[in-house]
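Swiss-Prot annotations:
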type	residues	note
ACT_SITE	Cys80	active site, nucleophile
ACT_SITE	His168	active site, for GATase activity
ACT_SITE	Glu170	active site, for GATase activity
BINDING	Gly55, Pro56, Lys57, Gln84, Ser130, Leu131	L-glutamine binding site
DOMAIN	5-197	domain 'Glutamine amidotransferase type-1'
Amino acid sequence: MEVKKVLVIDNIDSFVWNLVQYVGTLGYKVKLVDNKITLDEIKKINPDRIIISPGPKTPKEAGNCIKIIQEVDIPILGVCLGHQCIVEAFGGEVGRAKRVMHGKASLINHDGEGIFKDIPNPFYGGRYHSLIAKEVPKELKITAKSLDDNYIMGVRHKKLPIEGVQFHPESILTESDNLKFPDLGLKLIKNFVESEY
């Protein structure tokens with residue numbers, strides 16, 4: 001199935017516009033909505049993919065994001081706060097990181113699957129967060145970790161088409177030393193949007 005429509009859920013963060021631009025650059029229709037969108041409204045839009053954006057608050061303060069993750073049958077990518085929402089939606093724990101990471105790049109090691117398919121390993125991921133996944137539920141697999149502080153940087157549901165990344169693919173700090181990947185963040189988003197689920 002060719003993906004035509006991507007719904008981006010805005011958790012009131014300026015990075016959301018970079019995500020919207022990435023999806024548009026890939027040639028897909030993108031619709032940006034507030035995090036208070038209802039399940040009925042999502043059904044009317046009928047998207048092929050959902051991206052849950054970063055944001056400044058906690059997962060419990062991210063509008064309807066946790067409920068959406070638990071109830072829709074559409075592939076979902078969570079970025080930063082969106083990733084944390086995925087962890088909490090399935091019973092995991094999100095808490096304060098030992099140090100705040102706002103505008104820092106870390107080397108990230110990953111499993112080479114899902115959104116990480118054909119991505120150099122490791123790569124630099126841009127980090128902007130003070131919260132982190134502390135405990136991942138059994139439904140989720142850890143897919144990526146930061147090499148400098150060993151924090152969880154990626155999760156994937158074991159059965160459902162749901163992935164999350166703590167780092168920001170859409171940040172200028174997300175890059176690779178490999179010249180074959182001049183825009184690594186765009187490739188990560190493309191992998192999600194074009195994955196066969």
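Note that Cβ sites are derived from N, Cα and C of the backbone, with glycine treated the same way.
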In three-state DSSP terms, Leu131 (L-glutamine binding site) is classed as strand
For Gly55 (L-glutamine binding site) and Cys80 (active site, nucleophile), what Cα-Cα distance in Å is obtained after rounding to a whole number? 7
Largest tally of Cβ atoms lying within 10 Å of a Cβ, found at which of the recorded positions Lys57, His168: His168
The sparsest Cβ environment within 10 Å, among the recorded positions Cys80, Leu131, is found at Leu131
About how far apart, in whole Å, are the alpha carbons (Cα) of Gln84 (L-glutamine binding site) and Glu170 (active site, for GATase activity)? 17
Which of the recorded positions Pro56, Lys57, Cys80, Ser130 has its Cα nearest to the Cα of His168 (active site, for GATase activity)? Cys80
Looking at L-glutamine and its recorded binding residues Gly55, Pro56, Lys57, Gln84, Ser130, Leu131, figure out the farthest C-alpha pair and report it in angstrom, whole number. 12
Below 8 Å Cβ to Cβ and six or more residues apart, same chain only. Which residues does that give for Pro56 (L-glutamine binding site)? Asn11, Ile12, Asp13, Leu81
Inside 8 A of the center formed by the CB atoms of Gly55, Pro56, Lys57, Gln84, Ser130, Leu131, which other residues of the chain have their CB, for the recorded L-glutamine site? Asn11, Pro54, Thr58, Pro59, Glu61, Ala62, Cys80, Leu81, His129
